[in-house]
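Trainee: So TrEMBL has the following annotated:
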- 20-37: transmembrane segment (TRANSMEM)
- 57-75: transmembrane segment (TRANSMEM)
- 99-168: domain 'PAS' (DOMAIN)
- 171-223: domain 'PAC' (DOMAIN)
- 217-287: domain 'PAS' (DOMAIN)
- 290-338: domain 'PAC' (DOMAIN)
- 458-485: coiled coil (COILED)
- 485-718: domain 'Histidine kinase' (DOMAIN)
- 740-859: domain 'Response regulatory' (DOMAIN)
Amino acid sequence: MIRKTLSPDAPMFQPGSRYVLLIPAVYFLAAGAWILFSDMAVEALFRDPHTISSMQTFKGWFFVVATSLLLYALLRRVEAGQRAHLDSLDAARREQAAAGDKLASIVNAAPLAIYILDREGRVSLWNTAAERLFGWTADEVMGRPLPTLPPERQLEFEAILDRAFAKDPLAGLDVHRIRRDGSGVELSLHTAPLVNGAGEVTGVLFMATDMTTARHLARERDRLFNHSMDLLGVTDYAGVLLQVNPAWTRTLGFSGQELAGRPLVELVHPDDLPAFLAMGERLVEGSAVRNFEARYRKKDGSYAWLSFASLPLPEEQRIFSAGRDISDRKLAEEELLKRRRFMETVLTSLPLGVSVRFMDTGLATFQNPRYSEILGWPPEALATLDGYFASLFPDPRERTAIRERMLADVQSGDPGRMVWKDLPITTATGERRHVTLASFPVPGHNVLVTTVQDTTFRTLAEKAMATARKQAEQANQAKTQFLANMSHELRTPLNAIFGMSQLAQTGDLPPEQAECWDITFQSAKKLLSIVDNLIELANMESGAVQLAVKEFEIRALVDSLCRTHEVQARLKNLDFTWRVADDINDILVGDPFRLRQILVNLLVNAIRFTMRGGITLTVERYEDPPDGPRRVFVEQGFSGECLLFRIADTGIGIPEDKLGSIFDSFSLAEDYLTKKYGGTGLGLSIARQLAELLGGSVWVESTPGQGSVFSFTAAFWKPTCLISSPAGEASLQDAATPLRVLLVEDDTSNRLTAATMLRHMGHAVTETVNGQEALRALANDPYDLVLMDIQMPVMDGLTAARHIRHGEIPGSVKNIPIVALTAYAMESDRERFLSSGMDDFLAKPFEMQALADTVGRVMAKRRFN
C-alpha cells in the first residue's frame with residue numbers, strides 16, 4: 001500500500017531569508033550614503049561649529065527616527081509576506097496530500113501489481129494488486145528487500161536493476177517469481193526509473209502482470225494446434241500460408257518450412273480453382289466459409305480431398321482455417337455412387353416395379369420404369385402419397401379404407417402384414433388390374449421400399465384354376481356319392497344273398513343243394529370283392545384312408561390268411577407254403593387290416609395267374625436305407641421294425657414292357673388276360689398305395705413263362721409293453737351270451753337275414769323299420785344292444801342315435817351299445833358314423849361270423865369300460 005508523506009526538504013523559509021539579507025545590505029548603503037552626504041551638506045551649509053554640532057546631532061536623531069520608521073515598515077511588510085507565504089505553503093501541502101491520496105487510490109485500484117524499490121533495493125511502494133498477487137501485505141514488505149525473488153533468479157534481477165538505474169526501462173519481460181505460499185507465478189514485467197530534479201535515479205518502478213493462466217492457455221493452444229488431427233493454418237488475405245500445424249505434413253507431405261510463405265492456391269487442383277477463388281473473395285469480404293471441399297496436391301503429386309472451415313480476422317488481416325482429410329469419405333461416396341448407379345441399373349432392369357419413398361413426407365425419391373408401367377400411371381402422378389392413392393383407387397371410400405389399412409400395416413412392423421396380394425387397382429386408362437404390393441421400411445433411413453408385381457394374369461389363372469378345382473371337387477364328390485350309392489345299392493341285395501346262403505348251409509342239405517348254395521355264396525363274395533376294391537380306390541383318391549394302429553400278432557395273421565388261401569391253392573393243385581423269420585417279434589404295432597389287404601390282393605393274383613407249380617410267402621426283417629421305411633420311426637422318435645414280404649409264384653409272369661405300369665389303376669398286362677383270368681386291375685394299385693401308407697413300397701421281379709416275385713416293405717412299431725385285452729378274451733363269451741337285441745332295418749330281406757342270424761346265435765330280437773319306431777321300442781322295453789341301419793325312411797339311423805345319446809328317450813339308457821349296419825362302406829362314412837355316437841360299424845353284406853364277432857366285441861368293450 002502507498003505511504004503518503006511530505007518531503008522534509010520543502011523550501012519553507014527561502015523567501016524570508018532573502019529579505020533578511022537584503023535589509024542589512026540596504027541599511028548599510030543607506031546609512032553610509034546618509035552619513036557621507038549629510039556631513040558634506042552640513043559642512044557646506046554651516047560654518048559654525050556649534051551649528052554644525054547641533055545639526056549633526058539632529059542629523060543623527062533624524063537618521064535614527066527615519067531608519068526606525070523604515071525598519072518598522074519593513075518588518076511589517078516582511079511579516080505580511082511571511083504570513084502569505086505560509087498560507088500558500090499550507091495550501092500547497094493540502095494539494096499535495098490530496099494528490100497523494102488520489103495517486104494512492106489510482107495505484108491501489110490498478111489491476112497490475114505495482115511496487116517501487118529504492119537504490120538499496122528496499123520496497124518503498126506496494127499496491128493492493130501486489131498484495132493479492134504475491135500474498136504479502138504492504139506492512140510486511142515496506143522498507144525491506146523484495147521477498148518474491150527466487151534465489152536462482154538473483155543475477156537476472158540484478159541485471160534488471162542495473163538497466164533501470166542506467167535509465168534503460170524494460171517492457172514485457174517474462175520472469176518467474178514466487179508467492180508467499182511458495183507457489184510460482186509467471187509475470188510479464190515492465191520497469192521504469194524514478195528520476196529526481198537533479199536527474200538522479202532514486203528508485204525503480206515495477207509493474208507486473210500475472211501471465212500464469214494466459215501462458216497456460218497459450219501452451220494448451222499451442223499443444224492443441226500442434227497435435228490436432230485437423231489441418232490448422234493461418235493465411236493472410238492474399239492466401240499465403242503463415243503458420244501450419246504438423247497435420248499438414250502428415251496429410252500433404254510438405255514440411256512446415258516448405259509450406260510457410262507459400263500461396264495456398266498453388267496446391268489447389270485446377271478443376272477446383274474457380275470455386276477456391278470464389279471462396280477466397282467471400283472470406284476477404286468478411287464472410288465465414290464452412291465445409292469447402294476441394295482437392296489439394298500432395299508432395300508426391302497425388303491429390304487429397306480436404307474440407308475446410310475458414311474464419312476471417314479483419315483486425316489482423318488474417319484468415320484462420322481448420323481442415324480435415326475427407327479422401328476416404330470421398331472414395332466411399334464415389335463407391336456408394338457407383339453402387340447406387342449399379343442398383344439403379346439393376347432395379348431399372350427388374351421385371352418388378354420398385355419405388356423408394358420417404359416415410360415422413362410420402363415423397364417418392366426413386367421409381368424404376370416398371371413401377372409406373374405396372375401401375376399404369378406416369379411417375380409424377382405417383383410421386384406423392386396423396387397422388388398415389390388418388391390415382392390407383394378413384395373410389396373415395398375404397399381409397400380411404402385401403403390407405404388406412406396399408407398405413408396401419410406398415411406402422412405395425414409385422415412383415416407378414418406388409419404384403420398385399422391381388423390388390424385391385426385402376427390405371428390411367430381406366431383398366432382394372434391386380435397387383436401384389438410389398439412395402440418394407442429400411443431401419444434407420446426413414447424410407448419405405450415398395451415392390452409391385454402385376455398379378456392380373458395369375459389372378460385370372462388362379463380364378464380359372466379355382467373354378468376348375470371346384471368343378472373337379474364337385475365331380476369327385478359326385479363320383480364319391482355315386483360310388484357310395486352304388487355300394488349301398490349293391491351291398492343291400494348282396495347282404496340278403498350272403499345271409500340266406502349262409503343260413504341255408506347251416507342245415508343238412510343234399511350235396512347238390514349244398515354245392516349250389518356254396519357257389520351262390522362264393523359268387524357273392526367275388527362281387528363283394530370287386531365292390532370293396534372300387535370303394536377302397538375311391539377312399540385312397542380322396543385321401544380318406546387312415547391307419548388304425550393297434551397291437552397284433554404277425555404270425556397269427558399270416559397263418560390265418562395263408563390257411564384260407566391254401567384251400568384255394570389246393571383246389572388248383574398248387575403247392576402253398578409260408579414262413580415268418582424267427583427273429584421277428586411276435587407282437588407288432590401297426591394296422592393289421594391294411595396289411596391283410598395287401599397280402600390278400602397279392603395272394604389272390606398269385607393263385608389266379610399260376611397254373612402249375614406253387615406259391616411261397618416269406619416274411620423277413622428288412623434293413624432299409626436311411627431314407628427308407630424306417631425313417632417313419634426316426635422322425636417320430638420311436639423304435640420300430642421294417643419287414644419285407646415276398647410272394648413268389650411259378651405263374652405266367654409279366655412282360656418287361658408292362659412292369660412299369662403293372663401297379664397303375666385298372667391295369668392288366670394284356671387285355672386277353674382280363675378275359676382269360678378275370679379281375680378289375682385294381683388289386684395291385686391298391687396294394688401299392690397301402691404299402692406307401694404303411695411307410696414302405698412295393699415292386700415286382702418277373703420272367704415271362706417262369707413266374708413273378710412281388711415284394712413289399714412295411715414299417716411297424718415295437719410294442720413298449722404287452723397289454724392283455726379283457727375285451728378280447730371275453731368277446732367269445734359275450735357273443736354266446738343271449739342278448740335282447742333291437743334290430744332297426746327298413747329293407748325286408750336284410751331285416752329277415754339279420755334277425756335269422758341273431759336268433760340262430762340265441763339272441764332275442766325285436767324288429768323295427770325306422771328310427772322313430774326304434775325310439776318308441778326303447779322307451780317301452782329294455783334292450784342290451786341296438787343294430788341300426790343308417791338310411792331309412794321317417795327317421796334315419798344317425799338321427800335316432802343322436803336322440804339316444806342325448807338321453808331324450810324316457811326309460812332308456814343313453815349309453816346302450818349301438819352298431820351301425822349299413823351298405824355305405826366309404827372310409828369317411830365309417831368316421832361319420834362313429835363320431836355320431838355309434839359304438840361300431842358293420843358293413844353290408846356281412847357274414848354270420850363277422851356279425852357274431854362284432855356283437856361280442858362291442859359287448860365286451862362296453863362291459864370292460
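Quick reminder: no glycine exception, Cβ is built from N, Cα and C everywhere.
No curator has checked TrEMBL annotations; they are predicted automatically.
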Trainee: What is the number of residues in the domain 'PAS' (99-168) that are helix, strand and coil, as DSSP sees it?
Mentor: 37 helix, 13 strand, 20 coil
Trainee: Determine which residues of the chain contact the transmembrane segment (20-37) at the Cβ level, with the cut-off under 8 Å and only residues 6 or more beyond its ends counted.
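Mentor: Same-chain contacts beyond the flanks: 59, 63, 67, 71, 74, 78.
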Trainee: At a C-beta cut-off of under 8 Å, are there same-chain residues at least 6 beyond the transmembrane segment (57-75) that contact it? List them, or none.
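Mentor: For the transmembrane segment (57-75), the nonlocal Cβ contacts are 23, 27, 30-31, 34-35, 38, 42.
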Trainee: What does DSSP give as the helix, strand and coil breakdown of the domain 'PAC' (290-338)?
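Mentor: Computed counts for the domain 'PAC' (290-338) are 12 helix, 27 strand, 10 coil.
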Trainee: For the domain 'PAC' (290-338), would you mind checking the mean pLDDT of the predicted model?
Mentor: 92
